[in-house]
Every structure is written in structure tokens, then in C-alpha cells.
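Everything on this sheet refers to the single structure shown next.
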Amino acid sequence: MDQLFDVSLFNSMLRIVTPILLAALGGAICARVGLFNVGLEGLVLIGAFSAILGNHLLGNVWLAIIFAILCVMLFSLIFAYISINLRANVIVVGISMNFLAAGLTTFCLRAIFDVKGAYYDKNMMGLPKWDIPVIKDIPVLGGIVSGHSPLVYLAFFAAILMQIYLFKTVSGFRLRAAGENPIAAQSLGIPVRRIQYGAVLMSGVLCGLAGAQLSLGQVTMFTEGMTAGRGFIALVATMLGQSNPIGVVASSLLFGFMDAFSIRLQGFALPAQFTQMLPYIVTLVAMFFFKDRSYLKDAQRANGSSR
Amino acid sequence: MTRLKRNLLALLQPIIAVIIGLLAGAIAIILLGDSVIDTYREMWNGAFGSFYFLTNTLTRATPIILTGLGVALAFRAGFFNMGSTGQMVLGGLAAAITALYLPGPGWMVLIVSLVVGMAIGGLWSLFAGYMDAKFGINLLISTLLLNYIASLFAGYMVAFPLKDQSGSAAMAQTPMIDKSIWLPKLFSGMSLHAGFILAIVAAIALYIFIQKSVSGYEIRMLGNNPFFAAYGGVKRGRMMVVAMLTSGALAGLAGAGEVLGTQHRYLDGALASADYGWSGIMATLLASSNPLGTAVAGILLAALQTGAMGVERNTNVPLEVASVIQAVLTLFVSARFGYAFLKRRKEKK
């Protein structure tokens, strides 16, 4: 057992969980305004690519993150315009956005870097690792919590911030009202559309950060389709957490733990395929226990036929 | 509005979308500094330039049409079946296993293999439907998750128990299926196989089923207005079984057709990485779930993909330009609902 559960397992769990958590928070804020964002996968992919591109063009990691955020915000505006103004089916738009992101990133990879599959530059600097004073000297805790990229800490900070914003501020209350009952909110003078746009843009910011962590946080490279379903997992985390930031943290941690655990299990005599399956199976099983009816209703209301 | 006029109007939107998609592709090509006309000419030649290229396009279209039809049926009933990749992979694997181990005359084994592939694909899809109907697990999410599980499971099967041990290249694949069990080729020396005829027959049969039969009417009603359908006595659970089973069976047939007609063995990752499942979903979205339209859209998407290979062979433009065109196309078709909405608002004024 000591070989299975040690400090580095939990350390890698925090690293793995960060992109999922950031994207899931983006999904949660969209869900709160009544938009079921299936396009998270695509948004994160664009984020991952533009972070590398920004780093290549601007030569600075921090500017690269800002560049990624801006690109993803721009991309999420398309989602907002087509689903809010043109009243298209949100799920169909989300799926198409995923296609577009996959197509654009592979195309740009070929067009800009002239490589196929993956782009890697050994001179490129990734995100720094922060050692937290005092905490890094505490035996077990220090090994787990310290030494991550700043985005890891930012993700958890963002979750707390969002919890406070949604449930303790007037503006957060308005945002929830716009999602709960758009017509009633409208009649109270709440600018529903503007709030919806704000939420989609916010999810763009979060997905941009998620992508940056994915491509700059550990490996400093971009591979085609490197999100590999993380956006969909984030969607599941949003649902499991019932669009509640703290709940989203919990469900993301569950998935991150299973993922880190499955990598660890490969050291044993188990075939890799079965250990890789573990996170998906656990997620599926978890959905049996945490069902969010109101979320389903939202999805149904958003487009009479979501399921 | 007359029927003809309505059909023409329904055609207008996809045509506009195709034009917008090609425009987006043109912008990408111009940004690369290449000639748009040359690139599109190469694309056309790569897709339809000769009889050989045409049959290649139709071969590629076959699995796209079949998975697309499956998704279309589920969409019609109001179920978002995103699991066609997984259903296709398992259908293909099951067909390969049957073809390899079932004794008997070739033609019989071939038919049984196709049926087994359909059955397994259908059951995998039905499993997701069952979890939705019984436990309220969102179909969109469960079918997505089941894709990964199916692909990994098939990967395990061909990497260990079924692995081809013969030959020097020990790839993750099953042994070659006996020649007598292959789906017959339509023209000698060409890749096009009988699966294409199955796909066209399926498209026509599905069209007749949805338009003319009572169950088809109930499925449409369920998708258009679930409350009205419930009021009219349509049982959602029973319809879900029919829709998901058929939907998965068509995806399974697509996988079986690829294995028995094109690859003649199950090769790890070959079905999933070609993105047939997602292309099928795109074809359905383009045709707004009309079976005949899905077949046409499937051929169009396949032509874009094979055409892009021609582009890559003969110009500096990367073949990924096709995925940009496809995605923009789908995105603009999704705005159809908005288009209808604008019209409705105009009428009110």
C-alpha cells in the first residue's frame, strides 16, 4: 500500500486536476445562466494552443497566459453569439465548437509551426514552480501542496472566489436569477443577455487558464487533441458538483485522484488499458449517486430535446 | 407553403452553409499565401477527379453514412447519442471475432458477423439508454464516457488475447480474416465494397421508416414535442429502446463493414482515429437528421476529406484545411434554428 499511496501520488493529483477544475468552473458558471456548455473541450484546446503560440511569439510565459485568455474569450464569443442571439441549440453549437477547435488547432499547427502532430521547442520556458515558504518544510503536506505552477493555486482560489461571488454578492444573486428564470429576471430589470455573455466570457477566461496549464504547466508542448476528453470530464465534474464551486472542486478531485491512481497502477502487472479505463468507469458510477435533477431540467429547458 | 417549396427552402440553408465553409477555407488558404482556385481544383480532383478517386470517396463515405444514420434516428427521437465511435469500435471488434472463430461456409459467416456486429453495437448503445431511462444519467455524458471505455477495451483485446502472433510486425491487431468472409468488392481493383450498398439501402429504409411508419411518427413526435407525445400515449421508455438499439446497431454495422470490407482485420485505433463517428454526427447535423440528406452529407464530408489528401499531395496547403471547412459548415448549419426564430419573429410583427 505504501507504494500506491504516497506523497507524489497526491502531488500529481493536484497537477492533473487543475485543467479539469478550471474548465469545470467555467462550465458551472455557464450552467448557472442556463447555457449547457458542451464546448469546454474545444475552449481548453484553443487555450492550450494559443498559450504555446503566445509563448512562441511573445517570449514570456505570463504574456502567453494573457494571450491564451484573450484568444479563448474571442472564441467563446462565437459560442455566445450563436447560442444567445441566434438562439441555436446550445448542445449542437457546443459540439460544432469542439470540431472547429480541433480543426483550427491542427491547421494552425501545420500553418504556423509547420509540424504535424506535436510542437515542441526545448528553448521554450514553461510555467515556474512555486515553493511556498513555511509550508514546503512541513513533511507530508509540503510535498503535496508545494512546488506547483501558479495556475494550480489559482484554480483553487478561483473556486473559493466563485463560491463567494455566487452566494454572497448581489451580482452573483442576479446571475443565478438570470439562469433560474430568465423571464422573471428580465421583468425585474436584470439584463439577462448581458449576464449570459459575461458568464460565457468568464468561462472563456477559465478555459484559457486550463489550456495554459495543460500546455505550459508541465510539458511545454502542444499535441493535436491534447485535451483528450478532459473538457468532457470537466462537464461531468460540473454536473456531479451540481454547478456548485465547492462541489465542482470535490468532483474534480475525485477524477484527478482516479487518474493519478491509474497512472500509478500501471507500475503493477495490470494491462494499461484497464487502468486507463478506471477514471471513466468511476465517473460513470459516481453519476449514479450524485444526480442533479435541476441541471437536467436546465438542459432540457435550454433545448426541448437535450436527451 | 407547397411541399416542393418547403423542400427547396430546407435545401437552401445547407447550401449557404457549404458556401460559408468554403469561404472560411479560402481565407485560411489565402493566409497561407496559396492560390484558392488551384487548391479547390486539387480538392475536387482528389475527391471526384477519376473513377478511382470517386470510389475512394464513396468507400470513406460508407461508415460516415451508417454512423450518421444511427445518430440521425436518435436525434429525431430527441436523444443525443454521442457514442457512435464506441458503438462502432465494439461492432467492428465483435464482427472480427465472429469472422475469425465461427466455422462454416464463407457467405454464412459473413452474414452472421455483420449481424453480431450490429447486435453488439446496439446493445452498447442501449446500455446508455437504459441508464438514462432507469437512473436518469444524462445520455450525452454517458455515451461520451462509454466511447473511451469501449476503445480501451478493444485496445486490450487486440493487444493481448486476440493479438496477431504471425509475421514479424507484431502490431496490436487481430489475425487476417479469411478471404471468403470479406465483403465483396463492387469493382475489381477498387476499394469500394458492398458495405456502400448496405449504407444506401439503410438510408432509404430509414427514410421510409421515419416518414411512413407509425413508430417513425411516434419517434418524430417524441423529438419535436415530448409533452405532446406523452399526452398522445407514446411511451418514452419503449421508444428509447427502439431508437437507441437501432442507432447503435447502425454504428455497429459501420464498424463491421470497415473490418470485413476494408481492413479485413481489427486494427487497434484504426476506427477511432479516423473519426468516422464524429464525421457521422457532423453529417447528421448538416442534414438536420433527414436520412437521405445524411447520406448526401456523408458523401460530401468524405469528399472533403479525400479531396484534402489530394490537396496535400499537390500543393503546400495542409490537409487539415478540410477540418476547418467541415467545422465552419456545421457551425453555420446549427444557426438554422436561429434562422427559423428570426422568421417567426418577423411574422409576429
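Residue numbering: from 1, along the chain as shown.
Glycine residues also receive a Cβ, built from the backbone N, Cα and C atoms like all the rest.
So that you can see what the record holds, here are the features copied from TrEMBL:
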type     : residues  : note
TRANSMEM : A:12-31   : transmembrane segment
TRANSMEM : A:38-55   : transmembrane segment
TRANSMEM : A:61-83   : transmembrane segment
TRANSMEM : A:90-113  : transmembrane segment
TRANSMEM : A:150-167 : transmembrane segment
TRANSMEM : A:232-256 : transmembrane segment
TRANSMEM : A:268-290 : transmembrane segment
Where, among A:12-31, A:61-83, A:232-256, do we find the most CB pairs under 8 A to the transmembrane segment (A:150-167)?
A:12-31
Most Cβ pairs under 8 Å with the transmembrane segment (A:90-113), selected from A:12-31, A:38-55, A:61-83, A:232-256, A:268-290:
A:38-55
Grab the same-chain neighbours of the transmembrane segment (A:61-83) for me: Cβ-Cβ under 8 Å, and only residues 6 or more beyond its ends, written as numbers and ranges.
35, 37, 39, 42-43, 46-48, 50-55, 89-90, 93-94, 97, 100-101, 125-128, 151, 196-197, 200-201, 203-205, 207-209, 211-212, 216
